[in-house]
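*Asks:* Before we start, here is the structure in question, set down as structure tokens.
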Amino acid sequence: MRREGLAKDSDIWTDKLRDLRLWASYRGQTLSRTVRGMMYYYRALKMLTFLDSASEMDIREGARELVSMRHDDLESSNSKSPSSKSLSRASSSVSLLFKGHEYGTALMKFTYVIACQIYGTQKEKKDPHADEILYLMQNNEALRVAYVDEKTTGRDEKEYYSVLVKYDQQLQMEVEIYRVKLPGPLKLGEGKPENQNHAIIFTRGDAVQTIDMNQDNYFEEALKMRNLLEEYRSYYGIRKPTILGVREHIFTGSVSSLAWFMSAQETSFVTLGQRVLANPLKVRMHYGHPDVFDRFWFLTRGGISKASRVINISEDIFAGFNCTLRGGNVTHHEYIQVGKGRDVGLNQVSMFEAKVASGNGEQVLSRDVYRLGHRLDFFRMLSFFYTTVGFFFNTMVVVLTVYAFLWGRLYLALSGVEESMESNSNDNKALGTILNQQFIIQLGLFTALPMIVENSLEHGFLQAIWDFLTMQLQLSSVFYTFSMGTRSHFFGRTVLHGGAKYRATGRGFVVEHKRFAEIYRLFARSHFVKAIELGLILVIYASHSPVATDTFVYIALTITSWFLVASWIMAPFVFNPSGFDWLKTVYDFDDFMNWIWYSGSVFAKAEQSWERWWYEEQDHLKVTGLWGKLLEIILDLRFFFFQYGIVYQLGISDHNTSIAVYLLSWIYVFVVSGIYAVVVYARNKYAAKEHIYYRLVQFLVIILAILVIVGLLEFTKFKFMDIFTSLLAFIPTGWGLISIAQVFRPFLQSTIIWDGVVSVARIYDIMFGVIIMSPVALLSWLPGFQNMQTRILFNEAFSRGLRIFQIVTGKKSQS
């Protein structure tokens, strides 16, 4: 800025404020960055038009001008590379040589339509965002904005119009180009495809390139677009292409290790993966949004977006399905690329993966996949299966394998069958070998193979191996195991119950600490509860299995499962900035308890109230059918098995294997439920005014419990350790009862039982929160762990930003 003539540094907040804001915007995933990137097409077209018609003298003069500018810039800045400002000056000097027809030709060939459906509402409300969009139109003459205009005609009646506007440079104002009346409100289906459908009528030309708002472009790539469009004339197989696939360049990989893992995974898919899908497999669909569509072909065959609510939540791939079913041809071209931003925080990444996994669950149920399955030949069908639905199905099978193995070993241990098997130790060795194969898939080593191949092609073999080893040291296996859990949970739940929903990930700057309550809300049901269940099985197995006496065999059998449990519990904190800061951990726990016990208004959001969040987590049970409810109940019955297995191991059972022992154990469940109900009733009635009665009830309950324990110790074979062992049996039973009660919510909600269910569910969530917080608190308490986490997981700039953020927040809290 000083080189551009900035006199005082304070002027940057006044005269140069817009430049500063643009500078910041070009470093995020913002609309202005995307507009700047797409406008390179306009600049490239003007340049190409000039070169097509320029004489040799014009070109020589332009080259001389560029050389002199380069020389001046090197002298003034004394640096090796010219700044972006000097490049723009160079392009403006070349534009002085333009004859004038270049602008008209470029505008005939290219327009950029932004589908911003809320622009009209923003203008009405005098929203500053509307001024920013106007500023973008003012500075980019090839830019158009399509929005939905709402006009109130009567008392309750509204008319809706699709409107296209541009900025007229001569009139110095925004002018309307088209206004098309709509039959009703725009957003009937999913928002994003509806938005595309309303804007596509305003596009012109033979080809449409669909671009998301998290993308960028490069001038040298824009020059190649003319070559790409020539591909429409070539035959690929027996047909000409209808979708030209373009590779993506993920530009967010340098933010943190997590962004790097995501970037590496995506890069291998959008390059090597899609190249193989296009040729020889011929099953490439439309996955992202730099692909170029044959506009006329698609307009006459149902458009580029299907927008039915829920089923088309992954709207982009349905364009590929539609194209393949209607005889189109999808290709992939690697000589041109478009920039693409990806999510960089674990919460954002998980929400994105949840959306994709839910979308795949909906694809399983869609008629498009059904028709493709019927019409593709056998080999293409196998390729199609693995590259769409099959990838998520296989991920779910891997997780279910862990479940089946652990539940099977637990059954063998508790039933005593394992003792008779103990003599044949070869079985365990064979089983350990099988599990190690599963571990390779679980760690993401299997999915990392394409990544290594792609990196070795682009950067060299040694660099690819070094990157892979660096990733392992930065805990990429923890991330891949965690994301496997995300995919399997949301895919399975969508197939079982439906009800997928769009999740807005935000794509913000992620140099901020996420609170524990927020992490718990996101991952409690998908990861934490499942990890606690598997951890409980492993603990019971360790204490009751004869195999566990041989430490090495136990470790060989269960290390993969322990790694899964640790990854599912710890990953959100490991990848959370300042995740192991002791003060933040203390504040987070206070915040979590406030959220749990929130007793505000009934209109509170899930972020404020535990009860609202708990109801929202059951939403999928509202939309599910009879079979979905039945399967949910059958799956929840597994929690009763803990009680069935453990009661026979208690000292009080005295090795009795009669079914009566199990039935008698249910008396304990009913007694505890009754005592809890009495204590809650006493608290509600007496705790506020007649406190002495409440204390009396508590005293009586404690005395009764002591008398019962003394009586059992005296007259039965009851051991004191049975108290702790029975907790492992009865806590899962309570969770199973709550889970089944949620399925029967329509019948129970109007009864007195429901209040008890909500109350007990709250205590379970507190218990889960404490279990998950314990290892985090321990690691936060250990000195030096926080600095190590920051150093390993974030790059230098990010670590510095994190420290600045800590200093600033520290000052705020002190003031």
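Note that Cβ sites are derived from N, Cα and C of the backbone, with glycine treated the same way.
Taken from TrEMBL, the feature domain 'Glycosyl transferase 48' covers 17-712. The transmembrane segment annotation in TrEMBL covers 384-410, 554-575, 659-680, 692-713, 720-743, 763-782.
Buried or exposed, and what's around them? Tell me for each listed feature.
*Replies:* Counting only same-chain residues 6+ beyond the ends of the transmembrane segment (554-575), those with a CB under 8 A from a CB of the stretch are 256-258, 345-347, 402, 405-406, 409, 428, 431-432, 435-436, 438-439, 442-443, 475, 477-479, 481-482, 485, 514, 519, 522-523, 527-528, 530-532, 534-535, 538, 541-542, 545, 547-548, 772, 775-776, 779, 789, 793.
Nonlocal intrachain contacts for the transmembrane segment (720-743), taken as residues 6+ away from its ends with a CB within less than 8 angstroms of a stretch CB, comprise 533, 536, 539-540, 543, 618, 621, 629, 632-633, 636-640, 642-643, 645-647, 649-652, 665, 668-669, 672, 709, 713, 753-754, 757, 760-761, 764, 767.
Distant neighbours of the transmembrane segment (763-782): 516, 520, 524, 528-529, 532, 569-570, 573, 579-582, 584-585, 588-589, 592-593, 596, 610, 614, 731, 734-735, 738; these residues of the same chain sit at least 6 beyond its ends, with a Cβ under 8 Å from one of its Cβ atoms.
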*Asks:* What residues elsewhere in the chain lie close to the transmembrane segment (384-410), defined as a C-beta under 8 angstroms and at least 6 residues from its ends?
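*Replies:* Tertiary neighbours of the transmembrane segment (384-410) are 273, 277, 281, 283, 285, 317, 357, 360-361, 363-364, 369, 372-373, 376, 418, 435, 438, 441-442, 484-485, 487-488, 491-492, 534, 537-538, 540-541, 545, 557, 560-561, 564, 638, 641, 645.
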*Asks:* Take the domain 'Glycosyl transferase 48' (17-712) and average the pLDDT across it for me.
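*Replies:* The answer is 86, the mean pLDDT of the model over that range.
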